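Notes follow once the structure below has been shown.
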Amino acid sequence: MIIIITILTIIIFILTAFDSVDRTKEYFKYGIKRINITYKSLWTEGDFLVRITQGGMIIITEIFNLLSIYTIVLKYIKVHFSIEVDMILKTIVIIVGVIIVHYLMGYILLLSSNLHRYMSMGIDKSIKGDFLLTYFITSSYVMILIVFPNELNKYTLSGVLGIIISYFLNMKLLLKIMRNPRYIKFDSKDRGGFFQVFIAAMSIVTMIVINLFLGVSLTNIIDKGAFSSNPNNFDLFYYTIVTFTTIGFGDISPISNLAKFMAIVISITSIICLTIFLGSIFSLRERKE
């Protein structure tokens, strides 16, 4: 009897899984189609100057992303195979990385376009432009930090201003989504749902964490010896993550006042992003259920 029940359970699970896989495939196909349409609309909507500006920002940003991912793969991914296999694996990683970033950011662009369309009052209409600007700034600074790290030493003031602007624009977008989760959907016919809100939230939170990492890196450049253990860029990224998640192992510690201020900013941002926002997402799911 137990064997029969077990077999039936396995069969039901497999059938359910296949059905879920089919639905997921259709969902992703539709999502990719909508994202591609959104990218295309950057070149077709608005007047000539707007189209050129939007399209140019996306092209430059995609190039910057490619350079950043390429440099990271060459610097940090070490495989002990033949030269040919090594090149093939790294090429695959680079291509996959570029595609993932392209569609994740396209997803946020699609959602911000929908927010821009549905929210027709006041400053909310700028939300699509805000995302394009912060995406461009963040990608540019990450590329400079990774590919041309010495350039940030020459333009620290511009770097600080750009990171602050990008940070506040990302927080603004996060708050818009928090207040209007019902608009997180592919189009007016889409009912939306927890999964779409969650992916949007995590994508924007990731961009905010990158902003914080850039701030920490600039702090280390401006104020020599701001952190203990003489950290490199990867160490500073690790420090940003563990501080943001409130773990804080203590192996890298802020020493200067500027570094301590950045630690406070990271902690406050963590509370806003992880506690308030993710809490509102799960409450949305409970209300739907």
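In case you wondered, yes, glycine gets a Cβ from its N, Cα and C as well.
Computed from a predicted structure; not experimentally measured.
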Matching 27-45, 46-64, 236-254 to TrEMBL annotations, transmembrane segment lands on 236-254
Within the same chain, the residues 6 or more beyond the ends of the transmembrane segment (236-254) and with Cβ under 8 Å of it are 209, 212-213, 216-217, 220, 226-229, 260, 262-263, 266-267, 269-270, 274
Counting only residues at least 6 beyond its ends, the same-chain positions whose CB falls under 8 A of a CB in the transmembrane segment (131-149) are 54, 57-58, 60-61, 64-65, 67-68, 71-72, 105, 108-109, 112, 159, 162-163, 165-166, 169-170, 173, 207, 210-211, 214, 217, 233
